[in-house]
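Here is the structure we will look at, set down as structure tokens.
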Amino acid sequence: MARSLIFLNSVVLLLFGSDLFLVRANRPPAPVNVSVIHLRADSATVSWDVPEGDIIIGFSISQQRQDGQMQRLIREVNTTSRACALWDLEEETDYIIQVQSIGLYGESQPSSRVHFRTLKKSDRFPSNSSNQDDPTVQGLDKSRHLQTGEMIIIVVVLIMWAAVIALFCRQYDIIKDNDSSNSKEKAKPSSERSTPEHHSGGLLRSKFHQSVPSINIIDV
């Protein structure tokens, strides 16, 4: 009996250990190239890369102040984004962040710690010239170009529609003028036909007056 219990415990431990090993083996690798861009007084953007060949369904970001007084966990699934905006930050404050990838079988190990410090509210936003090689910045530039191209296409389409409407209104005015001129031309013969009737009436009246007998009185 004791041997059977020991054997059963060994089997359970072996199965549990194998499942744990498989889960750990299927976990995605930790994100790489974690960096902070678009740094301001109250916000910042975190970007990272994920090694190819792994299925990633989300991310988890651990954010905390360097003095340890405040911690925040940002978790998002069903996304392929490789960047996240951090809001409600305090100015001139040191922060530490770590990023984890979320896969089908769990989360990866945390990435290396990244330290950054927010700016003053009076400070200007630094230029992105130093981050031109950053793939996230390049992606943002591409999206800006796409938005500009879409706006140009919309403006061109609106101008074309305006031209079509103006042409239609012009053609409608021309057709309307032609219809009015045709109606006037049709009205002229009727007025001309009424004129002889008026004259003929006058002639009849003159004949009528001429046919009235005249009486001459001769005094003897």
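Just so you know, glycine gets a Cβ as well, placed from its N, Cα and C.
TrEMBL does not curate its annotations; it predicts them automatically.
Residues or ranges marked as signal peptide in TrEMBL: 1-25. Here TrEMBL flags 28-121 as domain 'Fibronectin type-III'. What TrEMBL lists as region 'Disordered' is 121-140, 179-205. The annotation compositional bias 'Polar residues' is assigned in TrEMBL to 125-135. Taken from TrEMBL, the feature transmembrane segment covers 151-169. Look at TrEMBL and you will find 179-200 tagged as compositional bias 'Basic and acidic residues'.
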Average the pLDDT scores across the domain 'Fibronectin type-III' (28-121) and report the rounded value.
93
Structural state census, the domain 'Fibronectin type-III' (28-121) (DSSP three-state):
0 helix, 47 strand, 47 coil
